[in-house]
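Read the structure below first, then the notes.
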């Protein structure tokens, strides 16, 4: 889809469709009023009759409105004006784009971006509109032999700004929003791919292709190289699989060489059976999504490279399958991590932390400013937070606040979870430095505590996305989260968030 920014009055738009809003109860927004005036009260007559009440999520498509230059006008219900905030704005944009895609209009001009959202700039509104528009039209159907094609899909969206002095910040925000949306789409596609295709080698190939396209540094470590580094915790997870494990490293240099990099570490378990501690068969297919942490950091790297942010960024992805087999790790095995700390593996289905701990130790060599790991780590986090908020842990409160703020800005929220020393007691082992599980209670916290033992040399945050990385049910599929949160955080760090 093509996007453009324009400043102008709605009644003067030569477009296949113009989109304007109506609040409850039947209160037209200024762009709607301008169209109504041009049409001699045609729209207000329809609204008065009750065809459009302004309820949130409602729409009404009008054809050939008198004395207007557009073919169609789409009225979008916005709900109560006093309640119109970020969530309502996003919902209105998503509704509008989905309906537009089915109207037969090749191009449209959207005036919802002119609506004030408390404490949000025009740049925020445009950036969000671009992100939502691409996300709303995303489809994953490459394995369908018969695809459901939209006869005349929307091909061009013009985003309106009220004043000409808003054009420059809106153009910059549009480019940012499209880059973030494309990063989300990449993360979603990697997550949605079947595990017989998206295995560790495939992930490595995608990273290499991205490195070539965006002139990134790329290094792929194989099993032998990881053995030399002493990554026995990571490799213990790979022992049951015929698919070779990979450690994927991408580097982006947008700032001075002296500036310390931010490192993103993404869990890349491309299929998780649980290993010898086998999962139940029901819904095991969804364990292809256990690499969504890897997908999200790769998508974030793509977004940063597209935006050409003035930062240094490194992405590390430990990638493997977790399979049962004659050579698979057993409950009770003890391994030595790259850090030298020993781990008693009481449950082979708590494998994410076993690959992440070695990746976090590996990250030390970059002398990072900050390290953020992203992982579909624990079912306990889903129990605690459901599918709304990502679980956020950090060894520095300031870092946690920055990520929480980024999540609020991006409509990709997180919740700050405790990382108190009291919980470290849960990981005690009589035979090794630590166990890889901490018992039934506080599972998301004990998992984060485990990882914290490998992060003593840098500021670190952990995002548990087990509840937010994908959806089940009728809308089954990867969500692309937390690419928006991470991208907004990096935009803020780069001083490019308006």
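In case you wondered, yes, glycine gets a Cβ from its N, Cα and C as well.
According to Swiss-Prot, the feature Mn(2+) 2 binding site maps to 267, 272, 290, 351. According to Swiss-Prot, the feature Mn(2+) 1 binding site maps to 272, 349, 351. Per Swiss-Prot, active site is recorded for 279, 353.
Swiss-Prot feature annotations superimposed on the structure.
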residue: 267; record: Mn(2+) 2 binding site; DSSP (3 states): coil
residue: 272; record: Mn(2+) 2 binding site; DSSP (3 states): strand
residue: 279; record: active site; DSSP (3 states): coil
residue: 290; record: Mn(2+) 2 binding site; DSSP (3 states): helix
residue: 349; record: Mn(2+) 1 binding site; DSSP (3 states): coil
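If you compare Cα positions, residue 279 (active site) sits closest to 272 out of the recorded positions 267, 272, 353. Here the Cα atom of residue 353 (active site) is found 9 Å from that of residue 267 (Mn(2+) 2 binding site). Cβ neighbour count within 10 Å across all protein chains ranks 267 highest among the recorded positions 267, 279, 353. Here the binding-site residues are 272, 290, 349, 351, and the one whose Cβ sees the fewest other Cβ atoms within 10 Å is 349. Other residues of the same chain near the Mn(2+) 2 site, with their Cβ within 8 Å of the Cβ centroid of 267, 272, 290, 351, are 237, 268, 269, 287, 291, 322, 352, 355, 375, 376. Taking CA atoms as the reference points, residue 272 (Mn(2+) 2 binding site) and residue 349 (Mn(2+) 1 binding site) are 8 Å apart. Annotated Mn(2+) 1 site 272, 349, 351; additional same-chain residues within 8 Å of its Cβ mean position, judged by their own Cβ, are 237, 269, 273, 274, 275, 277, 279, 287, 290, 322, 348, 350, 352. Each residue contributes its Cα atom, and for residue 290 (Mn(2+) 2 binding site) and residue 349 (Mn(2+) 1 binding site) these two points are 12 Å apart.
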